[in-house]
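As structure tokens, the structure follows; a few thoughts come after it.
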Amino acid sequence: MRLQSLFASALTLGSCVAQNSTNGTWPIHNNGLTTQIEWDHYSMIVNGQRFFLWSGELHYWRIPVPELWVDVLQKIKAAGFNTFAIYTHWYFHNPNPETLDFENAAHDFTKIFDLAKELGMYVVFRPGPYVNAESNAGAFPLWLTTGAYGSLRNNDTRYTEAWTPFWEKVASIVAPYQLTNGGNVLTYQIENELGSQWRGTPSKKIPNLSSIQYMEALEASARAQGITIPFQANDPNLNSDSWSKDFYDGYGSVDIYGMDSYPACWTCNLTECDSTNGAYKPFNVIDYYDHFQEISPTQPSFLPEFQGGSFNPWGGPEGGCPENSPADFANLFYRNNVGQRVTAMSLYMLYGGTNWGWLAAPVVATSYDYSSPISENRMINDKYAETKLFGQFLRVAKDLTKTDRIGTNQTASTNPNIVYSEIRNPDTNGAFYVTIHQESTVGTREEFYINANTSKGEFTIPQKAAPIVLNGFQSKIIVTDFSFGSHSLLYSTAEVLSHSIVDEEDILALWMPTGEAGEFVVTGAKSGKVSSCGGCSSVGFYPQGDDLLVTISQSEGISILTFDDGLRVLVMDRSYAYEFWVPVLTADPFSPANETVFVQGPSLVRSVAYSSDGTILELTGDNNGTSTQIEVFPPKAVSEVTWNGQSIKTSKTDYGSLIGSLTAPALDSLTLPEISGWKANDSLPERLSTYDDSWWVDANHMNTSNPTKPETLPVLYIDDYGYHVGNHLWRGRFEGSASGVYLSVTGGRAFGYSAWLNGEFIGSYVGAAYPDTGELTLSFGNLASSNSTNILLVLQDNSGHDETSGALNPRGINNATLISSSAKNFTSWKVTGTAGKPDTAIDPVRGILSEGGLYAERLGWHLPGFDDSEWSSASPSNISSSAGVTFYRTTVPLAIPTGLDVAISFTLNASPSNAALRALLFVNGYQYGRFSPWIGNQIEFPVPPGILNYDGDNVIGLSVWRQEEGGESMGVDVGWKITEAFASSFEPIFDATYLQPGWTEERLQYA
């Protein structure tokens, strides 16, 4: 019946919407449930206004401290974004088939919706159920990975029954927060990068019914739970052409089509992207225009994931690869997208966060910094500042929301090395000339002019100033007929930064790279003057008919030009533009210009408000200098400025601004106490033959649902026994005098394992960055007993489940074969892992992904409140020469002064630097670092407030698994440091007790 209805709908709806508009107009679409959110060929239309969706991604589950969400979101808003995107995480909320958790601590994500409303941003909500995200099994619940639910992401009824409770609950939670219900959730994504609508070549449109029926079921379920906002989808690349109603109106297609792109590769291992992008070339731009014209011509060109950075795989470069997508990348690629008529774009990632616990897929380690504009430690960087310049421009460039592409790759009039795309608003005639190098991979310094068509004719610009310059891997957007408030620019070769209306008068901000020249024409102006020259030169005012042509060169600083009609124009270089802010007085995501204030100088401006009588301008934000100049451009009624609640002394300038100075403590004098006072205990008693494993799970399955069958029996796949993350322990028994064992163990990239027979170490697979399986033939020597039961312990690491179809790839022992044995096989196996019943978290606050199965973890040695008074003193700097696991623990107080936001990172340094060991860092019960110096890539581990107590005691734990016996001494030096500090209105000191549940006697049963 379902199949019949599918084909019936397809026949009724037809196959493809015409790609060209009729009668010069494009149809305006909605989903039939609301007209609050509509769209057409040009852009989205929200509450009747055209809208450039400018968004960035963050994951609340990668920053599991709800008190920190406001900090990150304030920084997103301050950079000019009007939207942010979030994934949910199925496993984080659904630890077993019977349990859904949307209440405990960070599991309750509704605070994010409240903050979006308060700050004035829309939300692109992406609930999966599969999300990828370099997360363990792509965020599938790991109980789903046994094969018992089929191959996943299809119409298999077993899989449908698995996702339905989670999917329905999420939709019911989100429904009240939709724009249509007074909230700010704008769109709702169905699945993630599921480019499988078609079988074979997409142009043949042979339906893939399994995927189609899956998508239709997800859509119907969400609608049944009250989701009325538009559905969106994100095609994984340019090749799969899936889920656009323009390409095929039916077969599960969604309301708004999108396509993801990572032109500089999503990983620091650039070869992984060759099959998608071709061989890597730095700064090689990609054409999207033709794709969107073919696949979604009556919809806005939408990039739901556009590169904000890239993740760092195991063995990658220390600190990631920010050089692959630096500030210049943001400058060039985001502008180039505008030149291709993209009017909806979300950066992945804008804030990456941390793969704490066992959140990560095997492709990535603890850090998920992603070289993002907002770093893992929540601090902003040069890429953030460069992105902010673009975002502030988008906020005021209203004509961008409706443009036609007039020409592309047009050569600059004087330099064939520069080309530009011209896009023009058909209603206002406002145009944007997006300039780039003819070969974007070439970053030479080039001077050029362009032929610009304006409402007053064609001009070769600039007319009087020095030529336009592209210096490096950059782009510039040259505007013509640019309207702002009651004014307009006929053109400008200096880039537009922002626009504010104060006391019903316009203030325009322009910027240019340090030392370059710009030229602009103010329509209707008769005269102008330099009211303040902060680094300006070659300033000229030239009447041109009814208009005024202005030339200026700008070194480091900010200059203010005033005009006879009341217009003020701020011209600044890049360095000053980086510290130029446009806070908004309203919670309207459109950020109207008459609700903004210009502020220059601080490291960050978080908010702005007026006192009730309008005489005090109240600013909050961050600054990091002992003396930082601040200049604000408020209404005339303002006579006082406060910064973070404190009045600052200001003086008024002739051109209407107020200038003052911000002070901050001497932040470079901040210090942290030494991490010392370590105590230690053996964390691997399971290696001993006397250890009692009677409570462990019997690993006795003789068959498995997993499509990959083991080479020996019983089945020793960890997920089949209800354990899924971290370290697992297998104990196999046999009788007789075997001489050795062959082991084949799978644990994902960068995993490892070690083995002991009757308490004695026999060998390790130390691991490598890419292999996910390790094979060893281990000799027992004279350790096996022919007269008693022998016990083999295998301690296995598990770096996570693979993504997409690889989620079913098993983890565990594929083959355990005794060698030269009088017994043919092991007589029995037992297994244990994370404390709690299988598939059940003992710690619902930190959640199912927080800890693995080490003895120390099971017994809660990493938790606050555990009594270590009987332990002996020992330092991880000099560990035992025996292979095994030792747990180290200490308590260190912190006393960060109030009024400061401080980023703290732990440092782990091995001796020797490539030591064959594996260490886990725990902070107040949270695992915040996986350290494998043999494999490499990370020695600094940021830990945020809320995990760390900034004003109180901190329990720090370190498990050290030595994988080699004897030889040179080994150790791990544990330190910490302040990486950045600011005087801030954000207060990182708060009561985090609820996030840090302590030790309980319940743990003792897992000894």
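In case you wondered, yes, glycine gets a Cβ from its N, Cα and C as well.
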Cysteine from CYS16, CYS321, CYS533 that Swiss-Prot links to CYS268 by a disulfide bond = CYS321
Do you know which of ASN155, ASN909 is annotated N-linked glycosylation site by Swiss-Prot?
-> ASN155
CYS321, ASN453, ASN624, ASN681, ASN787, ASN815 filtered to the recorded positions whose C-alpha is within 10 Å of TYR370 (substrate binding site) = CYS321
Select the closest residue to ASN192 (substrate binding site) from the following recorded positions, measuring between CA atoms: GLU305, CYS321, ASN703.
-> GLU305
In DSSP terms, helix, strand or coil for ASN594 (N-linked glycosylation site)?
-> helix
Given the binding-site residues TYR87, ASN132, TYR262, state which is nearest to ASN825 (N-linked glycosylation site) when distance is taken between Cα atoms.
-> ASN132
Provide, as an integer number of angstrom, the distance between the C-alpha atoms of ASN681 (N-linked glycosylation site) and TYR87 (substrate binding site).
-> 40
Per-residue Cβ crowding (10 Å cut-off), top of binding-site residues TYR262, TYR370 = TYR370
Would you find the one among the glycosylation sites ASN409, ASN703, ASN787, ASN815, ASN878 whose Cβ has the most company, meaning other Cβ atoms within 10 Å?
-> ASN815
Just report the maximum Cα pair distance in Å for the recorded substrate binders TYR87, ASN132, ALA133, GLU134, ASN192, TYR262, TYR370, no decimals.
-> 19
In whole Å, how far is CYS321 (disulfide bond) from ASN624 (N-linked glycosylation site) when you measure between their Cα atoms?
-> 26
ASN192, ASN453, ASN624, ASN681, ASN825 as recorded positions, winner by CB count within 10 A = ASN192
